[in-house]
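Q: Below is a structure I'd like to ask you about.
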């Protein structure tokens, strides 16, 4: 009797579809948030062109004057130009921080595909309008402030949407590593934004905004047609954090607790074999309900100070290099991309280490502790040579952006699918918005404080950044102690005694 040969898996089987759409979701959300950061970066590159050292270019061609500001762009041609630059940064970041707390609520209640795409098209519009101020010869501060405020509000559509989409497709398995690699979109966007803006910064700086604006709008249209929000929309099975076991446990949490550094000590025999799907579609979680999830407050406040440091570098590093190392605007912009190269490496290493150890907070805390002395060294010896500057920028980027990347991705997704929610995946967007919104307050404070402090010397700016790093570390102390006690308890049980 001939033995039937099992058919090979069909390309349209649920497993094949799941793998295909998971990859598509990762790529599309990566491109979306890359374009968000690509459109934010030009302002930091163009600053040095809005107020350059005109005396180095010679006398004013029209009237042969020796004025040192003849080539500056009004209203940034006065002695208060740093404060005006700080006002531009703050207008965007304050609007972003305020809008972020609202954005997560809308993100849970509106189709993410339309919400994300609409925000990207509007962001492209306001970014381009900022650059058109060059061609329309606009010299009033309020125009640029209004464009920054509008752009800050619409850019809040991005982060809760992309994290919710990724969280809908991926379980908790190796989320730290996957999201660490995926989160490199932030640094890739900064690098591309710097390079694109640098092409036109010295000739027609308006194009440094218009071209990124066109790019983000185009990616938003692609997202509208191809992004799939939920696995169920294409007949795929949802990840395990959408399903609860009959005893109320998240099956992935139970499974992950069998690892070498788990804190629960449960074995696979504690699990029940048949999962129970939620009987009803869960309601979106409230703002206060999200705050009660263990760890949300601590990680949110930690991110406030971590993002303060990261965004101060994002908006002020090119100008710092111009002032301290005396490079040109394009060269400073190109060199500043090394900070983001370090950010890519830091995000990946932070995710990998936290996956292996199971200690998200401890990983963040160690990197923050190491970042403080590295920031001090970069300010004092980082410009002593081009090789030293390159190495220090990469290390600074890794240590500063590693915790920031881990908290905004893997930690946000973990807390948004916490076992206390009993499978309510709709909380993911709100939790993400709370964490990133609190961090955005720090993102607004950092560039503002840098603008106010930098006239007193760049040393004081770096002391402020070091203090912020220390505070970020201290705010995680309780969670770190809890993780260490869990490791101690696990090792004690393996040896047959109880850890004190």
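Note: Cβ is positioned from N, Cα and C throughout, glycine not excepted.
Whatever TrEMBL says is automated annotation, not expert-curated.
The compositional bias 'Polar residues' annotation in TrEMBL covers 259-269. Taken from TrEMBL, the feature domain 'Major facilitator superfamily (MFS) profile' covers 28-485. According to TrEMBL, the feature region 'Disordered' maps to 254-275. Annotation source TrEMBL lists transmembrane segment at 84-107, 114-136, 142-170, 182-201, 207-228, 296-317, 337-354, 361-378, 390-415, 427-449, 461-481.
Distances, neighbours, how buried they are, the whole picture for these features please.
A: Same-chain residues lying 6 or more positions outside the transmembrane segment (114-136) and placing a CB less than 8 Å from one of its CB atoms are 32, 35-36, 39, 42-43, 73, 106-107, 143-144, 147-148, 150-151, 154-158, 161-162, 165, 204-210, 212-221, 223-224, 227.
Remote same-chain residues near the transmembrane segment (296-317) are listed as 40-41, 43-44, 89, 93, 190, 290, 336, 339, 343, 361, 364, 368, 371, 375, 396-397, 400-401, 403-404, 407-408, 411-412, 415, 431, 434-436, 438-447, 449-451, 454, 461, 465, 468-469, 471-473, 475-476, 478-479 (criterion: CB distance under 8 Å, separation of at least six residues from the stretch ends).
Proximity of distant same-chain residues to the transmembrane segment (337-354), defined by a Cβ-Cβ separation under 8 Å and at least 6 residues beyond the stretch ends, is recorded for 175-181, 183-184, 186-188, 190-191, 194-195, 310, 313, 317, 360, 363-364, 367, 390, 393-403, 405-406, 409-410.
Within its own chain, the transmembrane segment (427-449) has Cβ neighbours under 8 Å at 86, 89-90, 93-94, 96-97, 100-105, 107-108, 156, 159-161, 163-164, 167-168, 284-287, 289-291, 293, 296, 299-301, 303-312, 314-316, 404, 407-408, 411-413, 415-418, 421, 461, 464-465, 468, counting only residues six or more beyond its boundaries.
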Q: In the same chain, who gets a Cβ under 8 Å from the transmembrane segment (207-228) while lying at least 6 residues past its ends?
A: 21, 24-25, 28-29, 31-32, 35-36, 38-39, 41-43, 45-46, 112-114, 116-121, 123-132, 165, 193, 196-201, 234
Q: With pairs closer than 6 in sequence left out, are the transmembrane segment (142-170) and the transmembrane segment (361-378) joined by 3 or more CB pairs under 8 Å?
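A: Counting Cβ pairs under 8 Å, fewer than 3, so no.
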Q: Along the domain 'Major facilitator superfamily (MFS) profile' (28-485), what average pLDDT does this model show?
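A: Mean model confidence (pLDDT) across the domain 'Major facilitator superfamily (MFS) profile' (28-485) is 80.
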